[in-house]
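Summarising the annotation, Swiss-Prot assigns domain '2Fe-2S ferredoxin-type' to 2-92 and lists sequence analysis as the type of evidence. The [2Fe-2S] cluster binding site annotation in Swiss-Prot covers Cys38, Cys43, Cys46, Cys76, and the record cites sequence analysis as its basis.
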Amino acid sequence: AFKVKLLTPDGPKEFECPDDVYILDQAEELGIELPYSCRAGSCSSCAGKLVEGDLDQSDQSFLDDEQIEEGWVLTCAAYPRSDVVIETHKEEELTG
């Protein structure tokens, strides 16, 4: 498992996430409230920004390659591939 640190409006939340569990699912298991809608990687409700680390987001279909390179992440379809730090609640910034 990897360490996940979420920078939320309520302050930082840290937890361990296995590499085969989506970050959103693991956060919910632990009672951390995060925004989501489709849970399938095809909308922007759960969008966040990767501050550091590596993710596998191959299951998502909403973000384009450029957005992924810029660090955008859909927490409902992201597996950790290293320890990660993610800013959450970023949908407005992504969709403007």
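From the backbone N, Cα and C atoms, a Cβ is placed for every residue, glycine too.
Annotated features, which come from Swiss-Prot, shown on the structure.
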| residue | record | DSSP class |
| --- | --- | --- |
| Cys38 | [2Fe-2S] cluster binding site | coil |
| Cys43 | [2Fe-2S] cluster binding site | coil |
| Cys76 | [2Fe-2S] cluster binding site | helix |
Which of Cys38, Cys43, Cys46, all binding-site residues, has a Cβ with the fewest other Cβ atoms inside 10 Å: Cys38
Within its own chain, what residues at least 6 apart in sequence put their Cβ under 8 Å from the Cβ of Cys76 ([2Fe-2S] cluster binding site), listed in sequence order? Tyr22, Leu24, Asp25, Tyr36, Cys38, Arg39, Ala40, Gly41, Cys46, Gln60
List the other residues in this chain whose Cβ sits within 8 Å of the Cβ centroid of the [2Fe-2S] cluster site residues Cys38, Cys43, Cys46, Cys76, in sequence order. Leu24, Tyr36, Ser37, Arg39, Ala40, Gly41, Ser42, Ser44, Ser45, Phe62, Leu74, Ala77
For the domain '2Fe-2S ferredoxin-type' (2-92), report the average pLDDT of the model, please. 98
